Amino acid sequence: MTVTTRATVPRADPHPTGRHLRPGGRNKTLDRLVGRQPIGIALAAPYVVFLAAVFAYPLGFAVYISFHDYFFAAPGAIVERPFAGFDNYATVLSDPAVRRAFGNVLIFLVINVPLTVVLSLLLANALNAAIRWRTFFRVSYYVPYVTASVAVVGVWLFLFNSNGLVNSVLGPLAPDPSWLVNSSLAMPTVAVYVTWKQLGFFILLYLAALQNVSKDLYEAASMDGAGRWKSFLNVTVPGVRPATTLVVLVATVTGANLFTEPYLLTGGGGPDGASASPVLIMYQRGIEQGNPDIGSAIGVLLVVGVLLLALIERRFVGREED
Amino acid sequence: MRRTVTAAAIVISLAATAACGPAGFEGSDTATRGPITIWYSNNAEEVAWGKQMVAAWNAEHADQQVTAQEIPTGKSSEEVIGAAITAGNAPCLIFNTSPASVSQFQKQGGLVPLDGFTDGRSYVEDRSGEVAGQYKSADGKYYQLPWKSNPVMIFYNKKAFAKAGIANPSLTTYDEFLAASRKVVAAKAAKFAIYPAPSNEFYQSWFDFYPLFAAETGGRQLVADGKATFASDEGRKVAQFWRTMYAEKLASPEKYTGDAFVDGTAAMAVVGPWAIATYKGKADWGVVPVPTSAGRPASEIHTFSDAKNVAMYSACQNRGTAWDVLKFATSKEQDGKFLAATGQMPLRKDVASTYADYFAKNPEYKTFADQASRTVEVPNVPNSITIWQTFRDAYSRSVIFGQQDPGGALDGAAQKIDQLASQP
């Protein structure tokens with residue numbers, strides 16, 4: 001339909017008098033506002049309203065709160081919430097716990113994102129092949145993703161506590177202090193856990209992308225004498241680049257939102273804040289301690305940080321798309 | 001991106017709700033009467049007591065009916081209550097108000113001072129006696145009615161101790177406690193001697209450091225007269241005691257899912273009388289007061305109260321009825337029913353003598369009744385939760401994980417807490 005419509009639109013302006021009317025008599029300005037298919041506006045409107053209500057308004061309000069001496073109060077309560085300038089940001093940036101949490105999440109992302117990309121692509125590639133029990137394996141990888149965090153954390157604790165399965169296998173090579181109470185290992189352990197838990201979702205993204213890689217390319221590569229590994233590197237990897245961009249961005253955003261895992265696995269960011277995440281600190285300061293202004297400042301910094309990181313990632317990972 | 005921003009907006013979502021809430025409660029006065037709503041805790045025993053209390057009230061007050069429900073599920077009742085205050089839909093009374101949160105709720109304009117009722121102050125003080133003073137706010141008013149306490153003591157597993165060759169354990173001094181702990185672990189009677197939660201939530205210090213600090217100091221609160229009190233010889237002794245427990249692996253720094261005492265993973269637990277019902281048929285237990293460095297006699301030992309109180313919330317319109325229900329629910333008769341149903345100690349003067357018959361029939365609770373007269377509450381100061389989190393961070397870093405000298409960590413935390421206590 002779109003192609004047909006385009007073909008009927010004349011390229012030259014048929015109304016030299018300045019009345020920009022289409023053959024059907026419509027105004028160009030109106031077209032620009034509502035598009036060629038006005039019904040699209042009606043279809044998109046509910047989601048726009050939804051976005052405005054749960055995204056734009058809260059975000060704007062969060063920014064407002066972060067610049068005020070703000071706390072939650074009962075309706076009707078007379079309280080003062082004076083403008084505080086950058087005081088909340090200064091408080092946040094001078095708080096060692098917050099700085100450490102941002103550092104922790106960087107460690108997390110450095111481990112989690114590459115691991116996610118590599119493992120999910122390799123596993124998706126394997127699961128895309130004609131292997132026996134393919135559906136079983138696909139479901140197996142997906143189950144942790146859809147299972148409640150509280151339930152799967154129990155499995156991980158069983159594996160990684162000091163007398164857990166992993167340490168039993170390692171014997172004298174087991175770390176002391178153990179994984180989740182070791183300052184150096186707590187965050188990497190959380191990063192590996194999250195990678196494992198979310199792998200199924202990213203495998204699905206890659207599986208979908210792999211369906212779009214033309215079999216002709218593999219045949220051509222085979223004709224040129226490329227083996228499996230070379231085909232993977234020269235056909236599969238470039239072929240799924242859009243999916244890789246998506247996986248990197250989604251993994252980064254998900255990782256920056258880290259909360260449940262350190263809370264459940266390491267008892268609230270232990271040891272000594274070594275696994276605390278910005279969202280965990282935001283929750284403590286904003287909700288538990290009744291300082292939403294501080295919590296919002298952390299949130300705004302997190303959003304800005306993630307945006308910058310996403311831009312950098314897109315510049316590197318998605319450059320060929322551009 | 002939407003997920004990130006949604007996460008960032010968690011903190012402000014309550015405020016957004018606030019904008020939609022009903023405005024202004026100033027029209028309510030202390031004499032208005034009519035139907036009210038209340039929330040109570042969600043453990044089975046308290047629910048049973050709450051239901052009979054409400055039924056008894058409603059049977060006599062057709063025009064002032066009480067609608068009751070369990071406190072809505074959330075991560076903690078404090079967060080649920082804070083959200084309800086902000087949204088303007090808190091009930092009239094909540095029989096599960098944590099004293100640590102009262103200063104925050106008060107700052108939010110969420111609480112009704114009980115002193116506003118003509119007999120408010122006298123009722124609170126007559127019922128609870130001297131203990132009531134700990135629950136007074138900085139402005140000298142009562143925003144909470146001291147309701148019940150769960151004085152924490154040391155439970156020990158008789159079988160585990162017997163396996164370690166200890167028949168009648170003496171756990172009055174730190175040395176005795178450590179010696180018994182070493183024996184229990186060496187004999188493999190339990191993997192750990194005791195297992196206080198090592199996690200970083202602000203309230204966890206109420207069940208490791210604070211009871212022993214209360215005992216060591218003869219009943220001092222964490223903050224007194226606007227100053228931190230724990231960076232003292234007594235505080236250092238307590239911190240060093242627990243440091244030894246962790247360093248010698250007599251206690252575990254790892255999070256435990258479940259009840260370590262019931263599971264037999266730990267031979268001791270620091271708990272209040274609520275646990276008696278939980279342990280019934282699962283552990284053969286004995287109970288002793290928390291230890292002190294020099295071994296004070298049991299009759300002088302103070303401990304943490306682990307109290308939950310009743311507060312009236314500013315969203316309440318029919319405050320006259322709410323006050324009458326509050327007095328009815330904390331009357332001698334209802335307190336007795338509460339004690340019988342839950343085993344928790346009403347915060348009344350002379351609990352042991354008032355309910356002598358109950359304690360004669362249930363001697364295992366008698367020790368707790370005696371201990372209930374010497375309890376220490378969390379200080380009722382501004383920024384209470386932040387103060388406890390600051391303390392917990394320092395304690396966790398130094399005592400549980402040994403990454404700093406406990407004395408230095410307490411000094412650093414005390415400086416920060418002095419600042420916090422001085423802020424509004």
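Including glycine, each Cβ sits where the backbone N, Cα and C put it.
Features reported for this protein in TrEMBL:
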type	residues	note
REGION	A:1-27	region 'Disordered'
TRANSMEM	A:41-65	transmembrane segment
DOMAIN	A:102-313	domain 'ABC transmembrane type-1'
TRANSMEM	A:105-127	transmembrane segment
TRANSMEM	A:139-159	transmembrane segment
TRANSMEM	A:190-210	transmembrane segment
TRANSMEM	A:231-253	transmembrane segment
TRANSMEM	A:294-312	transmembrane segment
**Q.** Candidates A:41-65, A:105-127, A:294-312; stretch with most C-beta pairs under 8 Å toward the transmembrane segment (A:231-253)
**A.** A:105-127
Q. Looking only at residues six or more beyond either end of the transmembrane segment (A:294-312), which have a C-beta under 8 A from one in the stretch?
A. 59, 62-63, 65-66, 70, 88-89, 91-93, 98, 102, 109, 249, 252-253, 256, 278-279, 281-283, 285-287
Q) Is the transmembrane segment (A:190-210) packed against any residues at least 6 beyond its ends, judged by a Cβ distance under 8 Å, and which are they? A) 107-108, 111-112, 115-117, 119-121, 123-125, 127-128, 138, 141-146, 149, 152, 156, 236, 239-240, 242-243, 246-247, 250-251, 254-255, 258, 261-262, 265-266, 275
(Q) For the transmembrane segment (A:41-65), give me same-chain residues lying six or more residues beyond its boundaries with a C-beta closer than 8 angstroms to one of its C-beta atoms, as numbers and ranges. (A) 34-35, 292-293, 296, 299-300, 303
